[in-house]
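What TrEMBL annotates here:
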- B:360-383: region 'Disordered' (REGION)
- B:12-32: transmembrane segment (TRANSMEM)
- B:38-57: transmembrane segment (TRANSMEM)
- B:64-86: transmembrane segment (TRANSMEM)
- B:127-150: transmembrane segment (TRANSMEM)
- B:157-175: transmembrane segment (TRANSMEM)
- B:206-235: transmembrane segment (TRANSMEM)
- B:256-274: transmembrane segment (TRANSMEM)
- B:294-317: transmembrane segment (TRANSMEM)
- B:329-353: transmembrane segment (TRANSMEM)
Amino acid sequence: MTDPVLTSSLLYLDDVRVSFDGYKALRGLSLVLAPNEMRAIIGPNGAGKTTMMDVITGKTRPDTGTVFFGGSVDLTKRDEAEIANLGIGRKFQKPTVFENHSVDTNVLLALKAPRGAFDTLFGRAARDRRERIDGILRRIRLWDHRARRAGDLSHGQKQWLEIGMLLAQDPKLLLVDEPVAGMTDSETATTAELLREIARDHAVVVVEHDMAFVRDLGVKVTVLHEGAVLAEGPLDQVSADPRVVEVYLGR
Amino acid sequence: MPSQRILSGRGLVFLAVLVAAAVLVPVLSLAVPPASPFHLSAYAVTLVGKYLCYALLALALDLVWGYCGILSLGHGAFFALGGYAMGMYLMRQIGARGTYANPNLPDFMVFLNWHDLPVTWWGFSSFTYAMAMVLLVPGLLALVFGYFAFRSRVTGVYLSIITQALTYALLLAFFRNEMGFGGNNGLTDFKDILGFDIQSAGTRAALFSASCAALALGYVVAAAVTASKFGQVLVAIRDAESRTRFLGYRVETYKAAVFTLSAMMAGVAGALYVPQVGIINPGEFAPANSIEAVIWVAVGGRGTLVGAALGAVLVNWGKTFFTGVFPEYWLFLLGGLFVGVTLFLPQGILGLVDRLTAPRRPEPPAERPVAPDEQVLPAPVAE
Amino acid sequence: MPRKRMPSTRIVAALLALLAGIGAGLGAARAAPVDDALAHFAADKFPETDVGIDALVASGAPTAPAVLGALSDGRLFFDPGSRKVYVVDAAGTLDDAATGAKAADVTQGGLKKVRLNNAIRSKIAAAVGGLDLVSPDRTKRLAAADTAFAAHDAKARGAVEAALAKEEDPAIKAMLVQARAAIVAASGTGPEAERLDAIATLKARGDGDALNLVDQAGAAPDASPAVKAAAASAAAAIRFTLAVWQALQNAWYGLSLGSVLLLAAIGLAITFGVMGIINMAHGEMVMIGAYTTYVVQQALASSALGGASLLVAVPAAFLVAGAVGIAIERLIIRHLYGRPLETLLATWGVSLILQQLVRTVFGADNRPVAAPAFMAGSFHVGGLEITAGRMWIVVFTVGVFAALQIVLRATPFGLRMRAVTQNRRMASAMGISTGRIDALAFGLGSGIAGIAGVALSQIDNVSPNLGQSYIIDSFMVVVFGGVGNLWGTLVAALSLGVADKFLEPFAGAVLAKIAILVFIVLFIQKRPRGLFALRGRAVEA
């Protein structure tokens, strides 16, 4: 494997195909992401955005195709926990936090640390842990809520907490699925700010419907359609592409 | 820092009650003369001792169900396996005092015309070996079963159903004489344990105290586990399994570990149960027993540990009372308990107490409600 | 056709009685051969008597059966002077042995009894068979040929060959050829060609009896290499045929067990498989159906409908169990949607209550449910034995399955139900009352369980615990088949039933069951969503 595109990439998908009972969710999807790049992925419903995330994070095995992380690690042979520990974090479309744990504990559980059952049963807390948690809590604007039960947070706060958990994981790549769905405008603005902040030292893939939000991010955009890439480039260029216009308006 | 204290105030009270019982009951049974109103009969001691064994089983079940969301309908199997390991030791202690006076073989083997002790029985003359088996046999079964089941992501009701099938298969197997565990009749007619007459009031009181100690120890272990980060991961798995996985935790390892620990606790409970009731037979594997244990936990309050133990004692006390007075109504009552608790008291008695005493506290842990359209099961009728 | 052999003396007596009746009806005597034959009896010597028996049979005299019967019972006398032979009947009157007419002028005092020994007795038994072989009654001839085959007594050979020469009915003729072959094979004597012929005939017959006889022919001390080889190859061929029939028989047993499993599980395939409700009281719906059958049968016992009580019980059981199901859904399960584990516990409680309720009302012991006449007995298809009851249960199961498919696919209710289970929110938005559909669907599943109870009341004890024995099996079938897939349930039930019955001969019933349980537990590890799972995002957790 001496393909320079592959070796210099952080994430490399080539000709990935997935089908469910005859329904082709991905039809030869190819995508390359550079280290520390931030990318927005848009596309109509059923374009394969969520399936793509499932493939990258090991939830779904592709029928064919290659998925490499960091230029050398074959993701199709690993499961979710291994992939998470390689440094890929994922935020779900619906905010998923541990509702019965405190905000604090949620971040603690996500914090980069040995994940084995033996470590968590007998391990002692590392000294710098407190500062790291506090730092993250401040960054996601939940410092004042750190003792609350996560289930009692508002929708927007849960989204931030989940982003905070991803930060605590300190991944090389973050996959963020519709982070601003159901948010108020001010929450959306805060979230965009938060993501840009994160993008400074992490690669981020954001799947989003909200065009204003994508414009706000100001990054390269990939348009998915029917399980493959339809167009790629800056948002203005992409949205001028007649095929993209047809997909979005012609339906 | 979110690390919790291992023992809450309630836990300390629970331990204090157990210590007091472990000391007081033998005194009331042995030192107080039978004429005194404070005297405890050997029957009463054994009865409560039996409840304590059930309480330990309930504690074990609460550890997996209350904290990790694994509803095992087969924990009775681990209880029974521990019981059989103890029963085998007790059978070997009979020696030549059986009906057939065979020094090498238990009566039922002589009756079956067997000449050699099966390999499965080797070593059971030793108390230490038998106690190791009490922990190892249920533990190994749980580890192997759990490893495969959890690795394959068998969850929810599917897991419940296959645990039920597991105990059902064991029930059928232990009924067979060829298995070499006494078949239908099981193991009984025990004489003594560690050299003490199993029927004597002294031994019974000692077994009672041992049950208190086992329950106390089981509680401390369970409390320590649930208070650790490991325990927090368990709750995380219960509430959002895939989120936990995407954080990099090996969910199957955690589940298999806690399932195994729980099975070993259930084995200990069974091992203490057998010398007190004087018999172990395949009936202990009946799926209904395992499901009944679940209701003890539900009544007391799942995810509370103390509540599970409390529920086991309460329900079994009720069972003793009702089957004595109105035997025909007990099943109505038990059935009603299942329905009533799930509908009206999902957090059990301790959950209710918590809600009444501390109305501002956040809701106690609940099974994550799932919206109907998010359910795992409904799938279209096939075409 | 009952294969059990009656004690031979009783057969002899019964046949004799019949023959005597026919003989008496024919009345008039035929002259000479009878008299010659009877003369041998008057010689008062065992060898003469022996010859007399053969002669009597050969004569075809109508009184022959009566005479032989009298001889074997020691009621045959002769007049040493006139050498005439008389039969003393049960009432003590004397009849002329040649004509059957009353011999009024003779008294028993001057007569001598024809003596018997064991050789004569067995000769008589064979002779009676020989008589039947030429009986005018076709059924009797067939039965006699069958008996001759089973007995394969060398002494009967003459009678068999005589009958064969006269016989015109092809079926009886074939049977007689087999009987002759059996005699040849069993005797282990005779020319090589005859023995080879016999082996070929037996090979064509191909059952367990034939196998024994072929083995005997091959093991005869003077068997030539050709005979031995033929016997060995015939035995191998018969063994193969038998193994095939045995396999078919096992398959049938398996099919029969599978249809019982399917019947018990099919309601669960709706409530658990399609709706996702864990109903631990499913077995009790089956029990309620069985008790409904009992009640219907009791109520109709004295009425004109008595014979058709099962037909009445089917809709009754559907309605009763369905109503109970709807009540459970409305009162309990509705409040627990989305909490499958709690539904499991609550419905377990319901099952305990229903069991105790039935125990209180009907008592703890088994209730007798009578089987209608058409479900009794059994019949043969080739080497297969099929009991009518099991067969009707298979037919019934197919009917229920087909009816359910029609309801789900072709009725507005089925359409709505599928809409609700596929996309609850969308269905609701389209104006379908999802709550009502839930209740009706649960009622449908419960009602089908009730119908299963009608069938199971025919093969299982109707007791309060009836349902308990099916609940785990039913869940196994549905899970194995793949949730939400009725065809999967069908395949799962049948394959588990067949697998169980094929394992049974090797492992015994209990081990077979354990093996199946272990297999399913392992299988679920491999394919958690069953045989015919639907893949896709919708069904992934």
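Cβ atoms are placed via backbone N, Cα and C, with glycine included.
Non-local neighbours of the transmembrane segment (B:64-86) in the same chain are 57, 124, 130-131, 133-135, 137-138, 141-142, 156-157, 159-161, 163-167, 170, 174, 181, 187, 226, 231, 234-235, 237-239, 241, 254-255, 258-259, 262-264, 266-275, 280, 282, 284-287, 289-291, 293-294, 297, 302-305, 308, 365, 367; each lies 6+ residues outside the stretch with a CB under 8 Å from one of its CB atoms.
Panel annotation: around the transmembrane segment (B:38-57), residues 21, 25, 28-29, 32, 75-76, 79, 201, 204-205, 207-208, 211-212, 214-215, 218, 265-266, 268-270, 272-273, 276-277, 293, 296, 308-310, 312-313, 316-317, 320 of the same chain, lying at least six beyond its termini, place a Cβ under 8 Å from a Cβ of the stretch.
The stretch with the most CB contacts under 8 Å to the transmembrane segment (B:12-32), chosen from B:127-150, B:206-235, B:256-274, B:294-317, is B:206-235. In this chain, the transmembrane segment (B:127-150) lies apart from the transmembrane segment (B:294-317): fewer than three C-beta pairs between them fall below 8 angstroms, excluding pairs fewer than 6 positions apart.
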